[in-house]
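Here's the structure we're looking at; comments come further down.
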Amino acid sequence: LALNPWDVVLCVSGTVISCENAMVVVVIFYTPAFRAPTFLLIGSLATADLLAGVGLILHFASVYFIPWEAVSLLTVGLLVTSFTASVGSLLAITIDRYLSLYNALTYYSERTVTGTYVMLILTWGVSVCYGLLPVMGWNCLKDPSTCSVVKPLRKNHLLILSVSFFAVFAAMLQLYLQICRIVCRHAHQIALQRHFLAASHYVATRKGIATLAVILGTFASCWLPFAIYCLLGDYSSPALYTYVTLLPATYNSMLNPVIYAFRNQEIQKVLWTVCCGCFSTTMPFRSRSPSDV
């Protein structure tokens, strides 16, 4: 089989994604201070993106080194599960940030922790179900005419995934608009009260909103081309179009650690501790709201 340059690029992307997110997973898992709901959700996102990177590497191996049908189905199932969990974790983080602003007084409670675990269970439960479909027989290996632009996924399967993506994107956009309304209301109260502490809180909130805007823009620019193409294309579409739209989608998993984890000061300190011992591992952590993260 001739080596496809696009497969090489996807494999390299998977390697970079795996390395980035592995650092985040290790830092969050081995740091007791990172047991807050916000960091658990970031850990879920990093785990999903880590699995996506591993899936891209396994895809390359299954095509050129282990061309077995079972390996191919398992690889596709892993990719579907991981990318679905990544998108679901982004929605969960958006919900968490909205609740931290809407219910600021009751956010740090057991109810928030319980809600976080519920979101994690739902996210990964749905993702695993989506990923098991091709493995359990819902694939187009026996009927190529039912294939989608991503073989061996069936057209109906990819249609469900695309519709689910648009639903998640609509929910994130709606939550973003609600957060903007809350910020505007806070700004109005600050203008009336002219209180220094309130202004300081507004600066932190505005920083969180700016971060959320970057996340939403990155998410849309990475995934929208592929989601739209999945709705319009079919098995007869050129494979080049699939590669061109899928590659930017993988970049979302590459950018997530930069947006969510590496910008966080506490995670930066732990990373510096691991790399060069510049900080004490017992140093206290400042409590941060999700809008800061």
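Note that Cβ sites are derived from N, Cα and C of the backbone, with glycine treated the same way.
The feature domain 'G-protein coupled receptors family 1 profile' is assigned by TrEMBL to 20-260. Per-residue pLDDT, averaged across the domain 'G-protein coupled receptors family 1 profile' (20-260), gives 87.
The transmembrane segment annotation in TrEMBL covers 6-30 (among others).
The transmembrane segment annotation in TrEMBL covers 39-66 (among others).
The annotation transmembrane segment is assigned in TrEMBL to 72-95 (among others). Sequence-distant contacts of the transmembrane segment (72-95) (same chain, six or more residues past either end, CB-CB distance under 8 Å): 38, 41-42, 44-45, 47-52, 54-56, 58-59, 62-63, 116, 119-120, 122-124, 126-128, 130-135, 139, 150, 152-153, 161, 164-165, 168, 171-172, 175-176, 212, 215, 219, 223, 249, 252-253, 256, 260, 290.
Taken from TrEMBL, the feature transmembrane segment covers 116-138 (among others). Residues of the same chain lying 6 or more positions beyond the ends of the transmembrane segment (116-138) and with a Cβ under 8 Å from any Cβ of it are 37, 40-41, 44, 48, 73-74, 76-82, 84-85, 88-89, 91-92, 95-96, 152-154, 157, 160-161, 164.
Residues or ranges marked as transmembrane segment in TrEMBL: 158-177 (among others).
The transmembrane segment annotation in TrEMBL covers 209-228 (among others).
Per TrEMBL, the feature transmembrane segment maps to 240-262 (among others).
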Beyond the flanks of the transmembrane segment (6-30) by at least 6 residues, Cβ under 8 Å: 39-40, 42-43, 46-47, 49-50, 52-57, 59-60, 63-64, 240, 243, 246-247, 250-251, 253-254, 256-258, 260-262, 267, 270-271, 274
Contact ranking winner - 39-66, 158-177, 240-262 against the transmembrane segment (209-228), Cβ under 8 Å: 240-262
